[in-house]
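Undergrad: Sharing a structure, written as structure tokens. Questions coming.
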């Protein structure tokens, strides 16, 4: 049996041993909810890693965004190099859901772009859950969406055992039914080929090939081989080849599903005709009958997920099976930054249903399409038997359900104290801010600035840039992978200041940041609530000289609470340091590029040639034209960038995405202006 082996040069320090002991005891005693109330930089991830090792449970770590999930996955992979630490997020690089706008009679078809590498990591996660117990899956909130039927996925796997006889034709037929594609020329993930007595398969969950060597019908050898060099990497006694897609429907169930779809179609057509909705009836009949024919002929159709209830044999209103259902009964849930993540669960379901209702009412989809949905909040929590919430500022609900299971962790192993907090008036704040930034730049330290609006962030970034400050603006339109690159660039000193709105709060591990600035700190609201302020102040808590500067003309209740909590923690930390003779020292984390290497982006960009250029160049141009000099876009590259952007603009127009096309047009105009003003 596989066991967890925690790899760390450090032993638990400060109040980590007490927190670990209490959480492990709670899990072993069967407590349903516990909360780790840990200040920023106190090593909450290390504490949880110890809890996972000591309890030995398969664990789902839930994060509220892809960036944080990637960071957590990196840290846990370093702690558990010999165990299965998997990454499970949405595999869409781009996703436009199907929608209908009745006011303008506009139908928007679903369009998406799947990231093959992330799809591979998702398959790797489910494979690990079937084959071992020492599994940690770090997932975003997308894990609450339907993911096939675990039992059918497992049943459909094709097993090869050394020395066994196989029916080669039947094995090939099974691979095809599991949505593998035969390709005797180019073997890659999701493909297979057979030449003589050698069968090679590109599993959906591996970047290695599986080679099955036969002697007649007998399996003579099973090997992992390098897809490029053909080098033998590992010899195996047996292997399961899992389906290339998570949604697997056996033929007998497919026939039953088609009959069920036809019955629902008849009922809905009768309803529309009775209501006098002849256009809706005609639209629904035409679309659904076409989908049924596709299902009969090839077992698949566009938008097949809308028939998920029929294909899985579920009753109306019952929850879909998702990643959670791939875990064994005694799994453990860890919710990171729980004050944000928990509230997301309900929002996901509500947003999905409002869009689906419009499609159903206007005859674009059958009513059963509404059951292709994420889990409701109560459905999710009914599946989670034991949960540990992690947050520096847990929400009211987490505290309420963890009545006898709240564990506080305030002491940092490095001895670093919470930041000093100072409130200054807004008069002359920009000049004062510029002075503070220059002090940090001289010492090669970094600065985070949070504003209330996007416009304020843009204007401030422009002003700082004009004053020769190396600054970058982080905004919501930047893709999650590029966000990781931006944060990485801040750490290594490509620029000194990062400006944002609400993207600078949770889970950003930035030991180089010594100053956090909060503008308009007295403007009450979500972005200036007590939890948001505590989280933002905490971004400077990893630096020995951490300092939080709040510009405000009034002291609000939220500000007062945040300052008092920071001072309370600081006092506890100072007392502990004095008692044990600890001198604060900076965190030893290197600004490595491990997140990016984990996602294998560099390899992907190198291999994709022109497409990679399009991604890497145009993403910079589209997202940050006003700062193109800071991004290293050379003047000689501008014509090529403009050409590629025009291609993207035309593509967006062809897909009727006129809003995106207009944005690209405006950005092309800006680039042309830059082109007309040579350096």
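These residue numbers are counts, starting from 1, taken along the chain as shown.
Every residue, even glycine, has its Cβ placed from backbone N, Cα and C.
Look at Swiss-Prot and you will find 25-176 tagged as domain 'Helicase ATP-binding', backed by sequence analysis. Sequence annotations record features per position, and here Swiss-Prot assigns ATP binding site to 38, 39, 40, 41, 42, 43, 44, 45. What Swiss-Prot lists as motif 'Beta-hairpin' is 91-114. Per Swiss-Prot, the feature domain 'Helicase C-terminal' maps to 429-591; the stated evidence is sequence analysis. Residues or ranges marked as domain 'UVR' in Swiss-Prot (evidence: sequence analysis): 639-674.
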Undergrad: Which residues, sitting 6 or more apart from residue 45 (ATP binding site) on the same chain, put a CB under 8 Å from its CB?
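TA: In sequence order, the residues whose Cβ lies under 8 Å from that of residue 45 (ATP binding site) (at least 6 apart) are 72, 75, 76, 79.
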Undergrad: What same-chain residues, at least 6 away in sequence, bring their CB to under 8 Å of the CB of residue 43 (ATP binding site)?
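TA: The answer is 16, 409, 412, 413.
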Undergrad: Check residue 45 (ATP binding site) against DSSP and tell me helix, strand or coil, would you?
TA: helix
Undergrad: Using a 10 Å cut-off, grab the number of neighbouring Cβ atoms around the Cβ of residue 44 (ATP binding site), all chains included.
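TA: Counting Cβ neighbours of residue 44 (ATP binding site) within 10 Å gives 23.
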Undergrad: Taking the recorded ATP site as 38, 39, 40, 41, 42, 43, 44, 45, identify the other residues of that chain whose CB atom sits within 8 Å of the mean position of the site's CB atoms, giving them in sequence order.
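TA: For the ATP site, the extra neighbours are 47, 392, 409, 412.
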Undergrad: Looking only at Cβ atoms, how many others are within 10 Å of the one on residue 38 (ATP binding site)?
TA: 25
Undergrad: Run through the Cβ atoms and count how many others sit within 10 Å of the one on residue 42 (ATP binding site).
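TA: Residue 42 (ATP binding site): 28 neighbouring Cβ atoms within 10 Å.
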Undergrad: Which ones in the same chain are close to residue 40 (ATP binding site), with CB under 8 Å and 6+ residues apart in sequence?
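TA: Result: 392, 535, 538, 539, 541, 542.
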Undergrad: What is the three-state DSSP composition of the motif 'Beta-hairpin' (91-114), stated as helix, strand and coil residue counts?
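TA: Helix (H, G, I), strand (E, B), coil: 0 helix, 15 strand, 9 coil.
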Undergrad: Across the domain 'UVR' (639-674), what is the average pLDDT of the model, as a whole number?
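TA: Mean per-residue confidence for the domain 'UVR' (639-674): 73 out of 100.
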Undergrad: Enumerate same-chain residues with a sequence separation of six or more from residue 39 (ATP binding site) and a Cβ-Cβ distance below 8 A; give 'none' if the list is empty.
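TA: Listed in sequence order, they are 392, 409, 410, 412, 418, 538, 541, 569.
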Undergrad: According to DSSP, does residue 40 (ATP binding site) sit in a helix, a strand, or coil?
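TA: In three-state terms, residue 40 (ATP binding site) counts as coil.
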